[in-house]
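Structure first, commentary second.
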Amino acid sequence: MISLNSSSFLSNSGFSGISRSVSQRKVLPPVVLALGSNGRAGELNVSAVMESTLKELRDGNTVLEVDSKSAVSGGVRDVQGEDAATEDQIVTPWTITVASGYSLLRNPHHNKGLAFTEKERDHHYLRGLLPPAVVSQDLQVKKLMANIRQYTVPLQKYMAMMDLQERNEKLFYKLLMDNVEELLPVVYTPTVGEACQKYGGILRRPQGLFISLNEKGKILEVLKNWPEKNIQVIVVTDGERILGLGDLGCQGMGIPVGKLSLYTALGGVRPSAVSFLTTSITSCFPACHHTQLVGTPFCERDVPNLSSVTYPIFGSWGKCLPVTIDVGTNNQKLLDDEFYIGLRQKRATGQEYAELIHEFMCAVKQNYGEKVLVQFEDFANHNAFDLLARYGTTHLVFNDDIQGTASVVLAGLISALNLVGGTLAEHTFLFLGAGEAGTGIAELIALEMSKQTQAPLEETRKKIWLVDSKGLIVSSRMDSLQHFKKPWAHEHEPIKNLVDAVKAIKPTVLIGSSGVGRTFTKEVVEAMASFNEKPIILALSNPTSQSECTAEEAYTWSEGRAIFASGSPFDPVEYNGKVFVPGQSNNAYIFPGFGLGLIISGAIRVHDDMLLAASEALAKQATQENFDKGMIYPPFSNIRKISAHIAANVAAKAYELGLATRLPQPENLVEYAENCMYSPAYRSFR
């Protein structure tokens, strides 16, 4: 019997968040690990509209005014730098018990398939459970890509990737990271839209938490049912507005699952954590030049001379949690589908809906602490703004549809100035679509113009015009407008359709966020090209079928002069002998690095200035080589580097605003962000 000393890695309490070296770690009560007679381990018995507009909805409160009742607390263990250890260090693949034999092959966190070495096969009882060949992870990636490329249907590729994620986590992320430009459209938009539509038919194993009205009053208990205790990022949806596809109810789970895969692959947020149990001979720890958080799992480089006194425990405690809140659906087709997996009722609204969401938000904070990031995803307009306003001053919350989309579009516009010249304030913007995405983008552009020119926000908003389903938003419509549209109601005669609005306003930038495909017609694009040498046209709606126009249409109808980007990917277009590479204004540029920046700084609130910082960091990553091809975004092949710079900028702003809790501030935030990123490389098991 071996006596091991550890903080309880299933406990959520007692983490001070103070950095100190390993030599200063206090001795804690022992945990006993019993070994069977065969040497195997037995059971381990261990008990945007943005801030400026949202402020009005918050009765004047801002995210910088932290309520004493919502002080930093809770049980989340803030772990950074676990992956900074060298990849050749030897570790032990433990879950709650030491994983071995058949159970090891069925554990996606530790399974390596044919990459298990001869020594590992002997030590972990794998002989006979695998074919005799031993292959490298790189060869596995090559084989899998060859298999995936044989599929002609995108949904088949999606299902193959999800199957891989369920059986070999590291190989899934290695494959995605090494082939990000090819596989991003597979694991996320546009393919994820079809996956959500058919989610009830393709669901094999739940990958997140489903919280329905049936769990009202018991949500905290439901959160505790999730096996992973150390959560840093939650992506939650109620499925009411999935991409441009509408109400998909419970089947919207594909969105949180896909987003969190990108948090890990593109932003380096760990999908699972590493804990250590150490012997009671704490004096055996060598001196350490790195810091760690007291009472938390720590980086393996903290103990460079690993020996028999150190037992690294791999926990299947994921940092990322996908959640779908099921309050019913108004999609009659789903309600009539015998294979639908959600509640068979019309959507709950009003007080019933608000109470369920509030219980969820309170339970999240109680269970995971103050610094868990909650990302709202694909909520309908009427709820999205209210949720962001209500919880922005009490929780670390972020709405990717409002804030993430705004940040990535602003980055593209800043970058596009290198091609068209001038400043943002010298341009005029016209939006088709005045929902959460459109108004969120508009507000962030206005904020950036105000920052650059020192002009009042009310003045910079006048450079931005919006068209909704009823036509141009003007002051004569004020009484009938939703609250988030009112800041954009300017003095002008009413105009019913887009092409007339283009001809009257004469914008230099046309942005589509309507969710309605083919609305940038030939007449609209030709009108833009008639008074702009280089019209900027952004068709942002997803999936591809909902894009306002295609890349080929934009380049052809503008005679090759348009600067084009879209929400979904399009292939390069040849026009008059020149090849144009359309940019993709994809939120995946922003939210993974943005989330990482919040985590590494220990931020407790999201502020508009952090979004501006993220936009500026992304814009700086575009090069002259990209501009020469007509691109306003850097290639996704550099996404890890991009995310590190975004994270550093966001973290720096959090420290500047006094919203960071991880002290002291690292000297080099870019290097720190890179060191904190998850690595999918296989580890050697002892």
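Every residue, even glycine, has its Cβ placed from backbone N, Cα and C.
Sequence annotations record features per position, and here TrEMBL assigns active site, proton donor to Y188. Per TrEMBL, the feature active site, proton acceptor maps to K259. The feature (S)-malate binding site is assigned by TrEMBL to R241, N542, N586. Per TrEMBL, the feature divalent metal cation binding site maps to E377, D378, D401. The domain 'Malic enzyme N-terminal' annotation in TrEMBL covers 165-392. According to TrEMBL, the feature domain 'Malic enzyme NAD-binding' maps to 402-655.
All features noted in TrEMBL, drawn onto the structure.
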| residue | record | Cβ contacts under 8 Å, 6 or more apart |
| --- | --- | --- |
| Y188 | active site, proton donor | G258, K259, S261, L262, A588 |
| R241 | (S)-malate binding site | D247, D378, F379, A380, N381 |
| E377 | divalent metal cation binding site | V235, V236, T237, I255, P256, K259, N399, D400, D401 |
| N542 | (S)-malate binding site | T189, P190, G193, L243, G244, G567, S568 |
| N586 | (S)-malate binding site | L184, T189, V408, G567, P569, F636 |
Fill in the blank from the handout: Same-chain, non-site residues whose Cβ lies within 8 A of the E377, D378, D401 Cβ center for divalent metal cation are T237, R241, I242, I255, F376, F379, A384, N399, D400
Fill in the blank from the handout: For D401 (divalent metal cation binding site), the number of neighbouring Cβ atoms whose distance to its own Cβ is within 10 Å equals 24
Practice task
State, in Å as a whole number, the widest CA to CA span among the (S)-malate-binding residues R241, N542, N586 given in the record.
Solution key: 18
Problem - Average pLDDT across the domain 'Malic enzyme N-terminal' (165-392), rounded to a whole number - result: 82
Handout entry: Around the Cβ of K259 (active site, proton acceptor), the count of other Cβ atoms that are within 10 Å
Key = 26
